[in-house]
Amino acid sequence: MYKITHEQNELIIRFEKELVDGETLSRFLNHINLQSMLKKTARSDAGDRLRASSRLAALPTGISLLREPTLNKGSAFTLEEREALGLSGLLPPRVHTLDEQVQRILKNLRTQSTDIERYVYLIALQDRNKTLFYRVLLDNIEELMPIVYTPTVGQACLQFGQIFRRPRGIYITARDKGRVAELLGNWPYNDIRIIVVTDGERILGLGDLGADGMGIPVGKLALYSVCAGIHPSLSLPVTLDMGTDNARLLNDPLYTGLQHPRIRGELYDEMIEEFILAVQQVYPGALIQFEDFANRNAFRLLKQYRDQVCCFNDDIQGTASVTVAGVFSALRITGGTLKNQRFLFLGAGEAGLGTGELLVSAMIGEGLSLEEARQRCWYFDSKGLIVKDRTDLSGHKLHYAHDHPQVAGFLEAIELLKPQAIIGVSGQPKRFTPEILEAMARINERPIVFSLSNPTSKSECTAEEAYTWTDGRAIFASGSPFDPVVTHGRKLYPSQGNNVYIFPGVGMGVMASGAVRVTDEMFLTAARIVAGEVAENDLHYGRIFPPLPRIREVSQAVATAVAELAYKQGLATRPRPDDLQAYIQSLMFEPLYQDYIE
Ligand SMILES: NC(=O)C1=CN([C@@H]2O[C@H](COP(=O)(O)OP(=O)(O)OC[C@H]3O[C@@H](n4cnc5c(N)ncnc54)[C@H](OP(=O)(O)O)[C@@H]3O)[C@@H](O)[C@H]2O)C=CC1
Ligand SMILES: CC(=O)C(=O)O
Ligand SMILES: [Mg+2]
């Protein structure tokens, strides 16, 4: 099978950024020989002459070019390019600009009647023409992020078997034991820098969706390209299909995974180990992002591999970072200091405990002892308040088991503990009831209410509920987006408190510096950068995160700070550029068509 090597891919990216000319590229690419796997199309003499002078002599031609989404321009191929590349007659005669194509896409999208139809339409575009897909997304991020990401991606995973059209990414099952490296090697690009991997057991707050969870790594990686400009060819989505315990999927003829119960224990661990080792072998140095693993595996896999390979867990560390960023911003409104806050979490899983750990690090930085800092974080899980005399606790929960009597419910816990902030990470909808929100507003002038569970259907409360029951005083953020709310004569813009503000920038920073490990300090730094990007005017309108249209700038700032830290921590393996920020900017993929003919 034809493969692009690391060096070739770097060159293509440099060519796209016009850092090398077509001739150099052609010289290097002459052995790529894409045509060897593609049917050569007939071309005219004039075409051949033009082609000889084309900037990219090694392009595939004809229908094969139209079917190559990274190179395809569709109706935007110029007449000269059509001649030179064997496309004459294969396209409608009118040549469109990228902007006109964007308008066509938007018009079509907006006439679809449901978000899932919009998702299917956009994914089909991603399959046809990557430049156009990323252009549309980048220019319309506020409108389209909810389609390619939460909440619609959740719906897409629920219906994955039904809406499935074309495969994307690598699927690994237990049948593949012993040949995982071979499967990874089947991906058509050799230069993979970022892998998002899931086993589909905790897809958002929707539970075990098995192999149908593939929508999540695909969506996360699209956001890497949109938000941090990671070139799409540098990333790889992976699903480890370890079975599913979801009875609906086990009986669904359209389910995309193997229909057996989840593999646990030794075999599961061996598959993970083989995957991790195979990545080191096939894509050495690639960053592995664990995504939407169930709690029972997420913490232990992170513990096992974080000091061995370049990896992080987005749900634990990425979420912690964005939540701490939100807290930093909220404190600018309340005027409080971090070390004097009391946090009460609804949910003591990956997101909740990960956030607690990062808050504790930040509070230690403000002078508290470890014990004092942990005393500021309280948790309420499915069995009640986490207190010392509970006998069912294990792992990180034990760090937060404080000396306190058990209480009947979350509302009672609020009345007794009087927290400044409640943070919903339970995956349970509507748990922040009007009574709870009223209690928070009674205790605090500006109560901090984060309802972070995804998708929207799992949110602990809506933005409107948060504002309504606190007289418009809540400082609110949610995992999935909510529309602005007019309340008490003001229009408030609720923020999306989502790890999308963090992982793309962290990934870019790691990639740019060649960091060999991902550290908690990187996530705390990212939190400070994101919070620092929030303007006073944003705070005035209720926003505690930067507006989404600024996410590229924000991710670039995160990436620069993370790379800087990698150099400071001695984890970087690439020579340090004089101007790190400019270097990172130069790496960022810009979805624009290249002229194939000079
Ligand atoms: N906004 C964002 O960027 C992110 C949001 N999330 C969202 O956070 C949610 C949780 O994710 P994650 O932490 O990984 O999941 P986990 O499964 O690790 O944790 C869920 C926690 O919720 C608790 N819980 C369940 N039911 C209740 C209940 N009725 N009352 C109180 N607590 C309850 C569980 O209790 P027990 O421990 O007793 O089982 C557990 O502690 C998901 O909806 C996810 O989408 C996650 C990552 C990022
Ligand atoms: C956002 C995210 O990572 C989650 O909800 O799992
Ligand atoms: Mg996740």
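From the backbone N, Cα and C atoms, a Cβ is placed for every residue, glycine too.
Small disclaimer: the values here were computed from a predicted structure and weren't measured.
Straight from TrEMBL, the features:
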type     : residues               : note
DOMAIN   : 126-306                : domain 'Malic enzyme N-terminal'
ACT_SITE : Tyr149                 : active site, proton donor
BINDING  : Arg202, Asn454, Asn498 : (S)-malate binding site
ACT_SITE : Lys220                 : active site, proton acceptor
BINDING  : Glu291, Asp292, Asp315 : divalent metal cation binding site
DOMAIN   : 316-567                : domain 'Malic enzyme NAD-binding'
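A Cβ within 8 Å of the Cβ centre of Glu291, Asp292, Asp315, the residues given for divalent metal cation, is found for these other residues of the same chain: Thr198, Arg202, Ile203, Ile216, Phe290, Phe293, Ala298, Asn313, Asp314, Glu350.
When secondary structure is read from DSSP and collapsed to three states, Tyr149 (active site, proton donor) falls in the coil class.
Each residue contributes its Cα atom, and for Arg202 ((S)-malate binding site) and Asp292 (divalent metal cation binding site) those atoms are 5 Å apart. Here the C-alpha separation of Asn498 ((S)-malate binding site) and the residue listed as 'active site, proton donor' works out to 11 Å. Listed in sequence order, the recorded positions among Lys220, Asp292, Asp315 whose CB lies under 6 angstroms from an atom of ligand 2 come out as Asp292, Asp315. With a cut-off of 6 Å between Cβ and the nearest atom of ligand 1, the recorded positions Lys220, Asp315, Asn454, Asn498 reduce to Asp315, Asn454, Asn498.
Checked against ligand 3, the recorded positions Tyr149, Arg202, Asp292, Asn454 give Asp292 in sequence order as having a Cβ less than 6 Å away from one of its atoms. Looking only at the recorded positions Lys220, Glu291, Asp292, Asp315, Asn454, the one with its C-alpha closest to the residue listed as 'active site, proton donor' is Lys220. The binding-site residues listed here (Glu291, Asp292, Asp315, Asn454) include Glu291 as those with a Cα within 10 A of the Cα of Lys220 (active site, proton acceptor).
For the binding-site residues Glu291, Asp292, Asp315, counting C-beta atoms within 10 A of each C-beta gives the highest total at Glu291. For the (S)-malate site, whose annotated binding residues are Arg202, Asn454, Asn498, the maximal Cα to Cα separation is 16 Å.
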